[in-house]
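Undergrad: Dropping the structure in here first, questions after.
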Amino acid sequence: MVRFEKVHLVLGLALVLTLVGAPTKAQGPVCGAGLPDKFSRLNFPEGFIWGTATAAFQVEGAVNEGCRGPSMWDTFTKKFPHRCENHNADVAVDFYHRYKEDIQLMKDLNTDAFRLSIAWPRIFPHGRMSKGISKVGVQFYHDLIDELLKNNIIPLVTVFHWDTPQDLEDEYGGFLSGRIVQDFTEYANFTFHEYGHKVKHWITFNEPWVFSRAGYDNGKKAPGRCSPYIPGYGQHCQDGRSGYEAYQVSHNLLLSHAYAVDAFRNCKQCAGGKIGIAHSPAWFEPQDLEHVGGSIERVLDFILGWHLAPTTYGDYPQSMKDRVGHRLPKFTEAEKKLLKGSTDYVGMNYYTSVFAKEISPDPKSPSWTTDSLVDWDSKSVDGYKIGSKPFNGKLDVYSKGLRYLLKYIKDNYGDPEVIIAENGYGEDLGEKHNDVNFGTQDHNRKYYIQRHLLSMHDAICKDKVNVTGYFVWSLMDNFEWQDGYKARFGLYYIDFQNNLTRHQKVSGKWYSEFLKPQFPTSKLREEL
């Protein structure tokens, strides 16, 4: 373990091709000693991509327009409204109708890129091509991508951000079945051929660890499957088998990724493009320094290596094979060959870090947690917190964890290109939720972004990690899964009481200043 204390469509497309064709390692960071007095994009490598991120289900709305079919999250929010704060994404923040307005917000932020996802059931309403293609849905993403390029904003497209078509859930259980591999590959291949001449940055899957564990092991997210013995959620799950299903889901997901990437690399329109997976690890510190053992390496295998090791080396980490045993599916030799080297870069979503607490095995109640032999805690055995957590914050702020993870990936996974595909600060404003003036004064979010950019800068300059892009989560407040609309992550405040009006927050103003092509007038030393 390593320890460390802008104007026409043609022009827009040319910009994309120029950046894709550039050297993998961004060039020329300004690596001075100590905390820079003035801090901006000029302190980072030339060609570094700066952006914001969203996901289709969380922002689009318009669930009954353009022949869009239902996803498993539509079903989950309607079937279990109490598990999503009695909210749903039928309207969300209406990005489907307001994307042109929202692209102007991106321009106001001075960003280079925008991460979006394609809603599978908006393209294939029933999950597969033979059951019908929505021409309206296909055209929507053409229009969105064209509008981005017209405004010199690079699209980074996620093929799957958790919205499995409900028809495939009903037919065979979605990712629980190996049948999903063929259907996902068909869908992904369609998007590559449809948009590949315009889009040169792709992600197959967003946060596979969260998708599998939270959906099929602890039941926190859709489809909400778990065993009755899971603390906190077992009483809510109507079906499931913890300790088994999540591993099968991820196995099918990884094979879906491998076959989709094979299709991508044989797609002529996609030539010059790059593709990866967006992982979502936390960093772990030992809760008790006197009893560390192998807990940190093991839990990082379970949270990151579970999906990164197969796409890098062709198989699961040995620690997972040892701990999970027969419950962990096996790859064939042909599948290992297809998986190995199946990403051009590593996407990483980073939010927080935790203390790793050693626990005993529990063979009678298997789960991801008991298999990893690690539970999580925000405090050490001596009562020290992992990081600061403002009263309304959703997660502890520990920016060093970002640097540690980047260095860990470099040292253990072949020094890949890395894109920070999400990094953001969530807050629950409570009784002030609808107070626009209060909600836009998000100084804690500004501080969070500043600290994490400095940590990323250290990883690039001091650890020589090949980071080439950074995306804030999120452009604007949106539907945050089981938290509904209570958790706000945006650089823009959404006024849910007043026609979903967008208001730039303090963090958005700072980010726009940071991204100007010249050094800002503000001094970072004074702000921190």
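Glycine residues also receive a Cβ, built from the backbone N, Cα and C atoms like all the rest.
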Undergrad: Which of these, Cys237, Cys267, shares a disulfide with Cys226 in Swiss-Prot?
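TA: Going by Swiss-Prot, Cys226 is disulfide-bonded to Cys237.
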Undergrad: Out of 45-48, 461-464, 525-528, let me know the one Swiss-Prot marks motif 'Prevents secretion from ER'.
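TA: Going through 45-48, 461-464, 525-528 one by one, Swiss-Prot flags 525-528 as motif 'Prevents secretion from ER'.
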Undergrad: According to DSSP, does Tyr351 (beta-D-glucoside binding site) sit in a helix, a strand, or coil?
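TA: Reduced to three states, the DSSP call for Tyr351 (beta-D-glucoside binding site) is coil.
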Undergrad: Given the recorded positions Asn189, Glu422, Trp473, state which is nearest to Asn499 (N-linked glycosylation site) when distance is taken between Cα atoms.
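TA: For Asn499 (N-linked glycosylation site), the closest Cα among Asn189, Glu422, Trp473 is found at Trp473.
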Undergrad: How many Å lie between the Cα of Asn466 (N-linked glycosylation site) and the Cα of Glu422 (active site, nucleophile)?
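TA: Checking the Cα atoms of Asn466 (N-linked glycosylation site) and Glu422 (active site, nucleophile) gives a distance of 17 Å.
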Undergrad: Using DSSP, would you call Glu422 (active site, nucleophile) helix, strand or coil?
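TA: Reduced to three states, the DSSP call for Glu422 (active site, nucleophile) is strand.
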Undergrad: Cα of Glu207 (active site, proton donor) to Cα of Glu422 (active site, nucleophile): how many Å, rounded?
TA: 10
Undergrad: In whole Å, how far does the CA atom of Tyr351 (beta-D-glucoside binding site) lie from that of Asn189 (N-linked glycosylation site)?
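TA: So the Cα of Asn189 (N-linked glycosylation site) lies 31 Å away from that of Tyr351 (beta-D-glucoside binding site).
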